[in-house]
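Q: Next up is a structure, given as C-alpha cells.
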Amino acid sequence: MSEDIKLKITKQTTLNIFYTVIGCFTSSIGINLFLIHAHLLSGGVSGISLILQYLFKIPAGISYLIMNLPLFLLSYKVIGKKFTAMTILGTLTFSVAFNLTAPFKNLLTIKDPILLCVYGGVLNGLGMGIVLSNYGSLGGLDIVAAAIKKKHENFQFSTTSLIINILIITLGAIFFGLPSALYTLFSIYISYSVMDKVIIGFNRQKLVLIITNKENEISSNIMKHLHRGVTFLYGEGAYTKSNKMVVYCVVTTQQLPLLKRLVKATDGASFMSILDISEVHGNGFQGNMFS
C-alpha cells in the first residue's frame, strides 16, 4: 500500500472518530436538555436506560454502558474487530457525554412538551445520523441487528427496532401516562426521520435516462445549458430489436424543469425516466458532509 493511500486512510479514520464524538455529544444534549426535561423517552437501549433512571434513579449513562458490555463480546465474536472498536468508541463516548451534559438538563425554561420532544428528537436523530454516517455505532440495537444480519442476510433491522420501540412506548404509557408515551412516539419518529436525512442526504438529485434517436443534440444541449456531464448507454428494443441510445445524466432538482423542456424541444418522441437518488459523489456534486 502506497504512502499516499495510507495517509488518506489515516486522515479519513481521524475524521470518522472526530465526527463520531461530535455525534455522541449532539445526541446526548438532545436527550438531556430536552427529552429528560419533559420526562420523555428515546428509542432503543437509551430509552430503557431512561426508564431505569426515572424509576430507580440509576444514571442513564452508566446503565447504558453496563447493558452494552455483553453486546461488545457478541460484536467481537460475530461481527469483527473494526466494527467492535468503533462501537466501543461510540458507546463509551456517548456514556461520557451523557454524564457530562446531565447537569444542564434543568437549564431550559421551555415547558411546552411538544417543543421539547421536537427539539430533542431533532438533536438525537442528528447525532445518531452523524455517528452512523462515519461507520460508527452507539451500540445497543446496532450490535444486535448487525449480528443477526451476519447470520441471516434477509433480516430487516426495522423489525427489531420496531419491537423494542413499541415495548419502550408501552412501558412509558404504563409508568408515566399516555400523554408521555404519545410525545415519546412523536420524538422517536422525528429522531429516525432526521437520522435518515443525515445518512441519505438532504439534497436529492435526479437520475435521468433518455431513450432517443437524437442523442447528440440532447447531450449537447445538456452540456451547454445545464453544464452537466452526459454518458451514452447502448440499448436494444425488446420488441423491435432495434438499437437505441440511452442518455444517462444526473441533475439537481432545480435543473430538472429546464432539462425536460430541452429534451421535449429537441426530440418530442423521446422516452424519459426520472429517478430520485439520495447522494452523488463526483464533479459538480457534493456528498454527505458528515461522511
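Each Cβ is built from the backbone N, Cα and C atoms, and glycine gets one as well.
Copying in the features that TrEMBL gives for the protein in this structure:
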{"type": "TRANSMEM", "residues": "16-38", "note": "transmembrane segment"}
{"type": "TRANSMEM", "residues": "58-76", "note": "transmembrane segment"}
{"type": "TRANSMEM", "residues": "83-101", "note": "transmembrane segment"}
{"type": "TRANSMEM", "residues": "113-135", "note": "transmembrane segment"}
{"type": "TRANSMEM", "residues": "155-176", "note": "transmembrane segment"}
{"type": "DOMAIN", "residues": "228-282", "note": "domain 'DUF2179'"}
Q: For the transmembrane segment (16-38) and the transmembrane segment (155-176), does the number of C-beta pairs under 8 Å, pairs 6 or more apart in sequence, reach 3 or more?
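A: Checked: the transmembrane segment (16-38) vs the transmembrane segment (155-176), no contact.
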Q: Would you kindly list the residues that approach the transmembrane segment (113-135) from elsewhere in its chain, counting only those six or more residues past its ends and only Cβ-Cβ distances under 8 Å?
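A: For the transmembrane segment (113-135), the sequence-distant neighbours (Cβ-Cβ under 8 Å, at least 6 residues beyond its ends) are 15-17, 19-20, 22-31, 33-35, 37-38, 40, 42, 86, 90, 142, 179, 183-184, 186-199, 288, 290-291.
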Q: To what whole number does the mean pLDDT across the domain 'DUF2179' (228-282) round?
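A: For the domain 'DUF2179' (228-282), the model's average pLDDT rounds to 89.
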